[in-house]
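Asks: Just passing along the structure, written as structure tokens.
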Amino acid sequence: MLEGAKFNVLAVGNHHNNDNNYYAFTQEFYQKLNEGSNMSMESMQTSNAGGSVSMSVDNSSVGSSDALIGHPGLKPVRHYSLSVGQSVFRPGRVTHALNDDALAQALMDTRYPTEGLTNYDEWTIDLRKLNMGPAFAQGAFGKLYKGTYNGEDVAIKILERPENSPEKAQFMEQQFQQEVSMLANLKHPNIVRFIGACRKPMVWCIVTEYAKGGSVRQFLTRRQNRAVPLKLAVKQALDVARGMAYVHGRNFIHRDLKSDNLLISADKSIKIADFGVARIEVQTEGMTPETGTYRWMAPEMIQHRAYNQKVDVYSFGIVLWELITGLLPFQNMTAVQAAFAVVNRGVRPTVPNDCLPVLSDIMTRCWDANPEVRPCFVEVVKLLEAAETEIMTTARKARFRCCLSQPMTID
């Protein structure tokens, strides 16, 4: 069994405080998986431009620790006995189409104060400056909306407080605190930019930049699963690797790195998103078959064994394969079948025969079953930079040969 790494603000493996309540359940679920369960695992496919509300499997949120959950900069929450449906009375500014949207109205309800973050006052959203547009993704506990804040396009994530379950509400509050604390302290060109957050009695709200290009998975789907041009694929892979090198350098783990959570900016650069709250559904509802995350998940996470930052490296290997091939990983399997094949038969995606050797080497090292064999992201960045140089050099040589083959002309 692997020993979880010791991080300043992160507990890993089976030591998550939030894992204890459902550990037995997940073990039973894995037992069924190990017996060859053929449950449907189709993803919700709710990729978005500011995060994701798709569900995943082993997802105590990024940076989970008592120190982070109990951060002194986070206000205690007052509890109200109202539901979202009961709260809507005097809305703030929403589009006409959202008049019947209870979550949006609950956020804008002026009868209740906006609760922000002490010591993080600059991150507390001023709802007077927030204009909400249509929802573009949703899950069991919330929705994602496009909107504007101070005139800037933003993605607005709203999570609903469970009405009749204090335990679920407490857990979701912890997840909200963790994601806000993470995003407020992560500043990198390849990390989705955090704009602010707030609470209302019935909802939590997180606002991030809006990535107009959608997710990498949506991009590949629009291309009808055709491979991304190699130069662009390597550039985007480098964006992800650099962002993750930064995240790991801050002693955090993402835990749900996949193409759904990689957002494309207007300049085609990649932004890593989804650092916590979007993955609350599994722990609040128990292990669920409605997830596609198994396709990217490291075997030690699938088996609920102790893990460390190398789970993100494994997932990156799968993402790199996606960019190179344009295909959905294990597309001929359900996600549960893929998980079974990965863990019990060592199956991995097939590397194309014409794949650049350096890229093939990166993929296979990243998704090695042994986490100790997987490179760190700092090394991955160096390897991809070498691949990028090789691709550019080859292209220049090809252009030079083309020029030599053309007859000389005199003007």
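Heads up, residue numbers simply count up from 1 along the chain you see.
Cβ from N, Cα, C; glycine included.
Reproduced below are the annotations present in Swiss-Prot:
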- D256: active site, proton acceptor (ACT_SITE)
- F136, A137, Q138, G139, A140, F141, G142, K143, L144, K157: ATP binding site (BINDING)
- 130-392: domain 'Protein kinase' (DOMAIN)
- T288: phosphothreonine (MOD_RES)
Asks: So, in DSSP terms, is the residue listed as 'active site, proton acceptor' helix, strand, or coil?
Replies: coil
Asks: How many other Cβ atoms sit within 10 Å of the Cβ of Q138 (ATP binding site)?
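Replies: Result for Q138 (ATP binding site): 16 other Cβ atoms within 10 Å.
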Asks: Find, among the recorded positions listed as F136, G142, D256, the one whose Cβ has the highest number of other Cβ atoms within 10 Å in the structure shown.
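Replies: Answer returned by the neighbour count: D256.
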Asks: If you average per-residue pLDDT over the domain 'Protein kinase' (130-392), what number do you get?
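Replies: Average per-residue pLDDT within the domain 'Protein kinase' (130-392): 88.
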Asks: Please report the number of other Cβ atoms within 10 Å of the Cβ of L144 (ATP binding site).
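Replies: Taking all protein chains shown, L144 (ATP binding site) has 25 Cβ neighbours within 10 Å.
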Asks: Between D256 (active site, proton acceptor) and L144 (ATP binding site), what is the CA-CA distance rounded to a whole number of Å?
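Replies: The separation of the Cα atoms works out to 18 Å.
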